């Protein structure tokens, strides 16, 4: 069979330069990790790099617009004589750090004179607000684009045809990995071939186990939340709460995996989804309890409460980092040692992509909540992710084997981005929004001291603009657009109408697809009918065929029909 | 690009760059890889387009292809004589189609050719059976193989003629977003 060279000539329109630069940038990642472990593990590292970019951007923005003006204005932190820098501050975030620009408390609320009159209050408020909005937009775009690319009509894609023809990863070059994949494929195929129908008593039993597992996991989650709430009262033992939080986040998912083993699922995908859902609920519950404690108890009891919350978040981030490293040590290194030397039956550990991705999503959420209370927290986060990247990479290469399930990497990426956005980012945004809207800023420290709420900064600014005859446009926009309810009402109505129209269009298209499918089947029947007729005709008149010197044979006629 | 190389003329490199997704440097690197498969056979100087073909048995010893269950079919598909003997042009074509920059349509065409063992422009049940055997190292029983192939055929065959035409295959690929990243060999 000869290749038709004309079909591959001149596909030049593909930007060679762009692809070349992409290849150089990510080549290390892809060739080392993707070649040995497959695309799903590679997607974890790509995701980690992407989150690192968020933090770099946040740090630059915060440092540039908030910290630098403060440092220019008042370089030395006004530390009382009693406290000096001891190394312990790095762990607890309190003490000396309390008086530096690390936390909300040491930012001034005045207009900083200098080359430009810089209103610190407005600067702080708008920097944080604009950063959150930009993050939200970036996440929405990323989620929408990957949703569009990867969720196309996934009706029977977990079926046999996909597994046979599309699922084999051609870029795997490691012999062990290939052997593993073949074994898993064989198991999965033979399982599919042997699947029998379940009796209704078995179905009931499965459902009962499923319900029981959900009850157990929910009660575990609620129990963890309640215990964290009680422990929060012992805030003086500064590291107790973060330690317990991280410990629960590490240990309870192991129980969830255990429950998972007893349950029966119709497909592997559902199994992963349920596991991820339970883990997400656990982390959200713990974070929710912590935020409730901070908003309701800390905000009323302490004098400079934002700095206290900032310190608590710093400790959470730090202890979380230590536990991630420990988790890597125990989960991967020790498992490898146990699996190869002591209990060979266990084998080499797998790199659990879902668990690791959830961990970094959780870490990022902490950073997002903490931006308001501690503007320099992104710097810590950058260091954390940076070190984590390299530790995980080394641990992966030395200790782990490729994941056994042929993961649907593209769909998993969509799910992870959606997870990042929906519960976690929106939750962080809600917490920061609630703080800014309803809680009274502390009276003696920080850029918003003396105001009723953080949002009243904008009102004060508007009043100022009005009295000094400032920009008319801004005042007009504020009074008639932002403050008027009719505007939001109209926007909501318009959006609802647009959503309804798009929904109807997609319903219509689904119907069209059904009709087109039916049409394909009918055409196939037509084709086979006509071919049969042609063959009968040929059989009944063989003389004409032998006289005909032109080779109008059956193959070319058949080719014309197909 | 300052160093003088005598493997290819400039026009040849231009032509390669136009017809594949590789740059000049990569093409020279590929020539190095091609040559190290059979150094006594492949000359260093390609300026007069020598007609040299490396046999299948040597090509499949490359580390990128060695562990791939479809290596024989891949090399056969890209060879002009259909027996797996690749000239340098075929070699470059093969890796160009399987590289990252290659578009989905191109990869679909060649994937179809690779899976079509008997080269009748249809993926029939026997082709699927051979695929299953290659993927599972022949450890499934005959009934299991038949059952799996029947199920796969049922899912993918749209017009009901018990064979997968290119249109059926393309339809299935369009629903699989992982295909592009899976059907990719890095060199």
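Positions of Cβ are set from backbone N, Cα and C atoms, glycine also.
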Task = For the transmembrane segment entry in TrEMBL, name the matching range from A:162-184, A:346-368, A:415-437, A:438-460.
result = A:415-437
Task = Among A:124-144, A:523-543, find the range that TrEMBL records as transmembrane segment.
result = A:124-144
Result, the transmembrane segment (A:85-104) in contact with the transmembrane segment (A:315-335) (3+ CB pairs under 8 Å) = yes
Inquiry  = Which sequence-distant residues neighbour the transmembrane segment (A:207-231)? Criterion: at least 6 residues beyond either end, Cβ under 8 Å.
reply    = 240-241, 244-245, 248, 252, 255-256, 259-260, 262-264, 278, 281-282, 285-286, 288-290, 292-293
Among the ranges A:50-73, A:124-144, A:237-260, A:272-295, the one whose Cβ pairs under 8 Å to the transmembrane segment (A:415-437) are most numerous = A:124-144
Inquiry  = As a test of reading the model: what is the averaged pLDDT for the domain 'TMC' (A:304-410)?
reply    = 85
Intrachain neighbours beyond the transmembrane segment (A:50-73), with Cβ under 8 angstroms and 6 or more residues off its ends = 101, 106-108, 112, 114, 118, 120, 123-124, 127, 130-131, 135, 138, 360, 364, 367, 371, 375-376, 378-379, 381-382, 385-386, 389
